[in-house]
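Colleague: Below are the structure tokens for one structure; questions will follow.
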Amino acid sequence: MPTRNIAIGGVQEEVYHPNALRAALAEFISTLIFVFAGSGSGIAFNKITDNGATTPSGLVAAALAHAFGLFVAVSVGANISGGHVNPAVTFGVLLGGNITLLRGILYWIAQLLGSVAACFLLSFATGGEPIPAFGLSAGVGSLNALVFEIVMTFGLVYTVYATAVDPKNGSLGTIAPIAIGFIVGANILAGGAFSGASMNPAVAFGPAVVSWTWTNHWVYWAGPLIGGGLAGIIYDFVFIDENAHEQLPTTDY
């Protein structure tokens, strides 16, 4: 099983080393960039429509903002931290044995803080406009949303593995960030009208903290972590040769 490759890592190397701190800072900045663009697009839509109902054009705009924002966020962080920008991606990569536990926890902290910082900056920059928190649409139950988040995040992390983690790929340059941005945009078009299509606990956490809205917040942790974990385990176990498996450098996924 892939979990055979999980390593805890040394505190000195994975927490206090300058390279680890640089990687954590890169995750903080990349997540801030992504959440600022994604949540900012939602605030802009509410401003333009005077908090009107979500429209098809609004959903498309949200999908594009998140796809473009994630493409940039992953690209600028890829050579430093791997550009995870998502605790679910970090969790999936951890279960596949491609990052140590301590480095994963460090990334999680950086990602969550980056999201919170982005939302506080948005609140200040917009003059106190409400920060839209993730929530379920009318008629959508928590279990329905949970399945949506599991499936969508599975697709996202599977894409990360196929384009960025799998050692058979070599260097794909900008193809991996583009593919990752595309799958997020496509999933928002599919699930945005139901669960909000978070696929990322950090993306849901920042708005929840700033708006102090926690209703069904567990869905946006459980779903992405289950989906991301399953994708990491399945891809690593089925498609990556065990004999060729090795811990990736900390500058990669």
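Every residue number used here counts from 1 along the chain in the order it is shown.
Using N, Cα and C of the backbone, Cβ positions are placed for all residues, glycine too.
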Colleague: According to Swiss-Prot, do Gly10 and Gly82 sit on the same side of the membrane?
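Modeller: According to Swiss-Prot, Gly82 sits on the same side as Gly10.
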Colleague: Taking the transmembrane segment (105-125) as reference, which of 25-45, 58-78, 145-165, 174-194, 220-240 has the most Cβ pairs under 8 angstroms?
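Modeller: Answer, by Cβ pair count: 25-45.
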Colleague: Can you find at least 3 Cβ pairs under 8 Å between the transmembrane segment (220-240) and the transmembrane segment (58-78), where each pair is 6 or more residues apart in sequence?
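Modeller: Result for the transmembrane segment (220-240) with the transmembrane segment (58-78) is no.
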Colleague: Any residues 6+ beyond the ends of the topological domain 'Vacuolar' (195-219) with a Cβ under 8 Å from its own?
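Modeller: Those are 31, 34-35, 38-39, 85-88, 111-112, 114-120, 123, 130-137, 140, 142, 144-146, 148-149, 152-153, 156, 184, 187-188, 225, 227, in sequence order.
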